[in-house]
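**Student:** Quick one: the structure is below, questions incoming.
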Amino acid sequence: MSVLSVLDPAVRLAHAAVAALAGVVPTAVAIVLFTLAVRAALHPLARSAARSARARARLVPEVARLRERHGKDPGRLNREVLALHRAAGVGPFAGLLPALLQAPFFSVMYRLFTTDPGGLLDATLAGVPLGVRPAAAHAPAQFAVFAVLEAALLVLAWWGARRAAGAAAGAVDGGSPAGPLRWLSFGTPLFALLLPLAGGLYLLASTAWTAAERWYLHRPTSGEAPAGPDGPESPRKPRKPRKPRKPAAAQATGRPAR
């Protein structure tokens, strides 16, 4: 008995919803529509996380001053930063809520696509059964479908890594992931190689929604500085005023001009 069997009631509900949509549109389209509907239901949490990120960005100068003041006392620095965020109404876990609530949904969809209750995956996309995995592909048409799916996932992963790198470069308070963490987005196309075609369609729809949602929520608004790949640019140091140049006549004679 699988540990994921506790999700079977939710799996049956998801199957019923997808099957109902499949009575109107092709099953592959029904899977995409069901995924987008669930992501739309979670959109308010993503908006809350975006507001929290903007509030953190506004606190960057104050956090920098706290680092200069308490840099030698990490404990005091952490307390001061937490107090600053609390006073500004910035929650420390607001950005994690969308990802945490997507985890049960992902588990339900994984269970749905691996157990296939009711023969849902007998339907096809471009002649390829939705229950076929990439390792079992043997016809040119099947290879072509999986190649297009992987190419789309790789493009989205590259775009996500680029945005993550821009966010890390523009973060002054160390609040954005940096280094190898930005390459985690490439785990999605790798994981799609282990799933049947229906699972790959779910990943593609969910990843595309995430990319579009982040672009929309983190786009620069009126009065904000132009954004980099994933957020506002880091503040630049003010330029020093240039010294006034002497007139050409004074430079030639060495005497002040009259």
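Placement of Cβ uses the backbone N, Cα and C atoms for every residue, glycine included.
Sharing the feature lines straight out of TrEMBL:
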TRANSMEM  12-38  transmembrane segment
DOMAIN    28-218  domain 'Membrane insertase YidC/Oxa/ALB C-terminal'
TRANSMEM  143-161  transmembrane segment
TRANSMEM  181-205  transmembrane segment
REGION    220-258  region 'Disordered'
COMPBIAS  237-246  compositional bias 'Basic residues'
**Student:** Could you give the residue numbers and ranges of same-chain residues that sit at least 6 residues beyond the transmembrane segment (143-161) on either side and whose C-beta is under 8 angstroms from one of its C-beta atoms?
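**Tutor:** Residues packing against the transmembrane segment (143-161) from afar: 125-126, 128, 134, 137, 182-183, 185-186, 188-189, 192-193, 197, 200-201, 203-204, 207-208, 210-211.
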**Student:** Give the nonlocal contacts of the transmembrane segment (181-205) in its own chain as ranges (CB under 8 Å, at least six residues past its ends).
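**Tutor:** Residues packing against the transmembrane segment (181-205) from afar: 27-28, 31-32, 35-36, 39, 109-110, 113-114, 120-121, 125, 128-135, 145-146, 149-150, 152-154, 156-158, 160-161, 164-165, 168.
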**Student:** Taking every residue in the domain 'Membrane insertase YidC/Oxa/ALB C-terminal' (28-218), what is their average pLDDT?
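**Tutor:** For the domain 'Membrane insertase YidC/Oxa/ALB C-terminal' (28-218), the model's average pLDDT rounds to 82.
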